[in-house]
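First the structure, in the form of structure tokens, and then the observations on it.
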């Protein structure tokens, strides 16, 4: 812990952390991926966001219990090492970094698509390349610069979503509808096109692959514990605000969108938010919303690079990543991890140059696997921590999980169910395969390199003289 105080700078305030949690959770999954989820489930996608949101809140409370009890950078990777063993910590830490890289690939891809709204003739990879260099540079600055940027970008998103919800209600009241469309905007759109659950329970279940992707990154609150000024006060406040945010930013937003515009006409060419307002003939709103979804993508990329970098820093401190990852700049930023993330994102530039348009669902479903795996490990770690504690220690917890042990158990069952969803539907089976290969590679890497290295380190530190005392 002492080493931690000398290393990363505690430069993030309550304001920064609250908005970072928002920034990481409101991004490409909502502004772009929601179109795929709507096509799968129809208006019933609202139920999917409510159910998924409840499970995510339990993950956040489990993480919050551990982060308040022991705030460290690289948080849940280190917690897993402590309570489930070093291999579990290694797998969790690297899978989180993998999750952030894949989510980032989705975000930079979406950024290129959004820019195509204004510049349809410019190749998408050009925009992707530019944003990778810009965000990478910003993340090399002082952590406070990062926090400030995240605050203002998130504030813009929140303001725009609130304005869009109010505007949507206005459209419903005054009955504006798109050119050539005889169906006026209104609540009837939620059941007039095949009913509330047009694709049946199967469509609702299929949508979880994209819905859970939308929540990915919200666990960054735990990562910030090592750089929060007052973690025991700040983190509970940030986590307890999660349910309200899910209701407002996902459920209410999509409710308004599907009420003002027939859901079968919501396509995946660009953001559905921009498309709907453009088709309703409100061009200025479409332009403003495109600025907002671009800022949302930038904000999410920003959070992802921060989170993965801090996790790799924590792994390096435990000897589970190259030592260079623990090197700090004069600003107290783990610069090598930022460079590695930037290099990985250049792979996104290549992908956007080479691959077809329908790759977003594949990237999103791979990210869903990594995200849900991380959440499952967080839940298991919290259960292991509780089992290792005495009744007195449990009574002293400052931010305990509610409805223990039933709520965490229900969340664990739900996460396993999402893996089943990925494996069942043909469009997402590749994600389960990629995820399984990734986990196997990590187990092999741990057994071949990390474990022997840890054993060597233990031998070096062993002093025979001590054993004769």
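Easy rule for this one: first residue shown is 1, then count along the chain.
Backbone N, Cα and C define each Cβ position, glycine as well.
Among the features that Swiss-Prot reports, transmembrane segment is placed at 19-39 (among others), with the record citing sequence analysis.
Taken from Swiss-Prot, the feature transmembrane segment covers 40-60 (among others), and the record attributes it to sequence analysis.
Taken from Swiss-Prot, the feature transmembrane segment covers 100-120 (among others).
Beyond the ends of the transmembrane segment (126-146), by six or more residues, the same chain brings 8-9, 11-12, 16, 108-109, 111-112, 115, 227, 297-298, 301-302, 305-306, 309, 329, 331-333, 335, 338-339, 341-342, 345-346, 348-349, 352 to within a C-beta distance below 8 angstroms of the stretch. The transmembrane segment feature in Swiss-Prot is assigned to 126-146 (among others).
Outside the transmembrane segment (156-176) by six or more residues, the chain places 22-23, 26, 184-187, 248-249, 252-253, 256-257, 259-260, 273, 280-282, 285, 288-289, 292, 295-296, 299 with a CB less than 8 A from a CB of the stretch. Swiss-Prot lists 156-176 (among others) with the feature transmembrane segment.
Residues or ranges marked as transmembrane segment in Swiss-Prot (evidence: sequence analysis): 201-221 (among others).
What Swiss-Prot lists as transmembrane segment is 246-266 (among others). Taking Cβ pairs closer than 8 Å, the transmembrane segment (246-266) reaches residues 22, 25-26, 30, 34-35, 38-39, 42-43, 45-46, 49-50, 53, 56-57, 158, 161-162, 164-165, 168-169, 171-172, 176, 178, 181, 183, 185-187, 189-190, 192-194, 214-215, 272-273, 275-276, 279-280 in its own chain, all 6 or more past its ends.
Under the heading transmembrane segment, Swiss-Prot lists 281-301 (among others), citing sequence analysis as support.
Per Swiss-Prot, transmembrane segment is recorded for 335-355 (among others), and the stated evidence type is sequence analysis. Counting same-chain residues at least six beyond the ends of the transmembrane segment (335-355), those with a Cβ under 8 angstroms from any Cβ of the stretch are 100-101, 104-105, 108-109, 112, 123-125, 128-129, 132-133, 136, 139-140, 304-305, 308-310, 312-313, 316, 324-325, 327-329.
Non-local neighbours of the transmembrane segment (360-380) in the same chain are 29, 32-33, 36, 55-56, 58-59, 62-63, 76, 79-80, 84, 88, 91-92, 95-96, 98-99, 102-103, 105-106, 109-110, 209-210, 212-213, 215-217, 219, 222, 268, 408, 411-412, 415-416, 418-419, 422, 427-428, 430-432, 434-435, 438-439; each lies 6+ residues outside the stretch with a CB under 8 Å from one of its CB atoms. The transmembrane segment annotation in Swiss-Prot covers 360-380 (among others), and the record cites sequence analysis as its basis.
Taken from Swiss-Prot, the feature transmembrane segment applies to 403-423 (among others), supported by sequence analysis.
Annotation comment: Swiss-Prot describes 430-450 (among others) as transmembrane segment. Within the same chain, residues 86-87, 90-91, 94-95, 98, 209, 319-320, 362, 365-366, 368-370, 373, 419, 422-423 sit at least 6 positions outside the transmembrane segment (430-450) and bring their C-beta atoms closer than 8 Å to a C-beta of that stretch.
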Recorded stretch that, among 40-60, 201-221, 281-301, has the most CB pairs under 8 Å to the transmembrane segment (100-120):
281-301
By Cβ distance under 8 Å, which residues at least 6 away from the ends of the transmembrane segment (281-301) in the same chain are close to it?
23-24, 26-28, 30-32, 103-104, 107-108, 110-111, 114-115, 117-118, 131, 135, 150, 153-154, 156-157, 160, 164, 167, 176, 178-179, 217, 271, 273-275
